[in-house]
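**Student:** Provided herewith is a single structure, encoded as structure tokens, for subsequent inquiry.
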């Protein structure tokens, strides 16, 4: 496992150490000697303070297997233990989902069932935070769920997104092959990553998924808090609708991708044949008036018609395609021949005569002219528009990410599927059992340390409930277009599911338990990060190394923004 992915395991511990230092630092700053605040204290005093923090008073026992505690260090220990258990549960769900997807493929399983399971740990923790005890207790602990919701979104789109750019970087060149060369080091503009066009679509969907947050926040914006409950219900309905729509899109996405890829391959064959004709034709393909040159096209027909019978057969078209050598694309020759026959053979007699060939080539030339915008007036004389069309087609095909991968054949698919289901069941049970003790530990740590529970859950819990951290970095380290695209699509998909599925659960808790919606600063942080990163990734497929600095900077800015809005301007 790469070093970068190993560091992920230490991030929760590092974050908790920072929280502990903040707690002990706060107590030391408020201590005084003879009424004068103490600026510095000996090391011995700090050790005595830590020992006092460890000692516990009477506490309320939960059903967790560890004893309860009211101390700062004791709850840090509980958060570490229960957090690691939740991380293990999330990893089980991730592994089970990947195994089941490999066996059953995309579609209903990959599009509907598995995205819900991948978001299950967050959803269970949010449920645990809002179902506990009385309404007052739920209102107190629900900030843990909101902290997890906001923290997961921010962590995935900032720390993990930027880390994937760093780990997956290669030399950015004009070529769309995106090779694995990484010779430029940490060059902010010369190295970076590329993704396919589907990743841009995933980013746009992610940006759209923030609509329920905006609806729920409207009463606070319009200062009509009496309508807050209606807004929460409306946001819940919209969120559930978006969830259903997103799952349907995921179900039909493989079919959409296949259609787009088939169309791209048709254009690739078309541009390749036009390029071949441009190079080998005895004259220009277009006349001075910009119309197809019938005489030249007829000459090309006779060159392709090897047996000189006045018709082009499937075998002669196959020989033409083999001679052109489409090396840039994984082309099925028989499929390409069928596509040409569909375009040209209007008489449906399984052969192409000279008139059908002229009409077909004329249509192709017209499509190439319109696709490239026809350029300058001399384009039709030099044939430059054909070259431009060829380059544009190659770029479109590359952005679709059509690369075959070696798939390991399973010897016993039924047994592998059974094991995957058991792993999914194990992860679900573990997450369900230990979510509530984890929420209690976070809430108790907040009480003991004086640090708001939102910030604890915002910083720590996303690392415990997110299984994407390690797998995303491993995928990115392979430095391939398909792997990078899969990595960022996984990040955007996780944020989308968090914004609609986890938010649906959260809104349902707020509405049916009659809780108060008072999360203006938290919602603003989610909106800012999702909109910035969504707009950033929706209209580009190349991300130089400097883009990771933008994503990294958003993480501390998010924490500072919530603190300033809540504790300086008093939003909450």
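Backbone N, Cα and C define each Cβ position, glycine as well.
Caution: TrEMBL annotation is automatic and unverified by curators.
Marked as domain 'EF-hand' by TrEMBL: 292-327, 332-367. What TrEMBL records for 1-27 is signal peptide. According to TrEMBL, the transmembrane segment annotation covers 72-91, 103-128, 148-168, 201-218, 230-252, 417-435, 455-476, 488-511, 523-539, 546-565.
So where do these features actually land, and what's packed around them?
**Tutor:** Outside the domain 'EF-hand' (292-327), and at least 6 residues removed from its termini, the chain residues within Cβ reach (under 8 Å) are 268-269, 272-273, 275-277, 280-286, 333-334, 336-337, 340-341, 344, 350-354, 357-358, 361-362, 365.
Helix, strand and coil content of the domain 'EF-hand' (332-367), in residues and according to DSSP, is 26 helix, 2 strand, 8 coil.
Counting same-chain residues at least six beyond the ends of the transmembrane segment (148-168), those with a Cβ under 8 angstroms from any Cβ of the stretch are 2, 4-5, 11, 122, 125-126, 129, 192-193, 454, 457-459, 461-463, 465-466, 468-469, 472-473, 475-479, 483-484, 487-488, 491, 494-495, 498-499, 502-503, 506, 522, 525-526, 529-530, 533, 543, 545, 547-552, 554-555, 558, 562.
Within its own chain, the transmembrane segment (201-218) is flanked in space by residues 227, 231-232, 234-236, 238-239, 242, 246, 249, 488-489, 492-493, 495-496, 499-500, 503-504, 507, 517, 520, 523, 526-527, 530-531, 533-538, which lie at least six positions past its ends and keep a Cβ under 8 Å from the stretch.
Sequence-remote contacts of a segment are chain residues at least 6 beyond its ends whose Cβ falls under 8 Å from one of its Cβ atoms, and for the transmembrane segment (488-511) they are 115-116, 118-119, 122-123, 126-127, 130-131, 138, 142, 145-146, 149, 152-153, 156-157, 160-161, 164, 195, 198-199, 202-203, 205-206, 209-210, 212-213, 216, 229, 232-233, 235-236, 239-240, 242-243, 246, 466, 468, 471-472, 475, 517, 526, 530, 537.
For the transmembrane segment (523-539), the residues of the chain that approach it from at least six positions outside its boundaries are 149-150, 153-154, 157-158, 161, 195, 199-200, 203-204, 206-207, 209-210, 213-214, 216-217, 488, 492, 495, 499, 547, 550-551, 554, 558, 561-562, 565, judged by C-beta separation under 8 angstroms.
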**Student:** Averaged over the whole of the domain 'EF-hand' (292-327), what is the pLDDT?
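**Tutor:** Its mean pLDDT is 83.
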**Student:** Determine which residues of the chain contact the domain 'EF-hand' (332-367) at the Cβ level, with the cut-off under 8 Å and only residues 6 or more beyond its ends counted.
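**Tutor:** Residues 265-266, 269-270, 273-274, 277, 285-286, 292, 294, 297-298, 300-301, 310-314, 317-318, 321-322, 326, 386 contact the domain 'EF-hand' (332-367) from elsewhere in the chain.
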**Student:** Taking helix as H, G and I and strand as E and B in DSSP, count the residues of the domain 'EF-hand' (292-327) in helix, strand and coil.
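**Tutor:** Within the domain 'EF-hand' (292-327) the tally stands at 22 helix, 3 strand, 11 coil.
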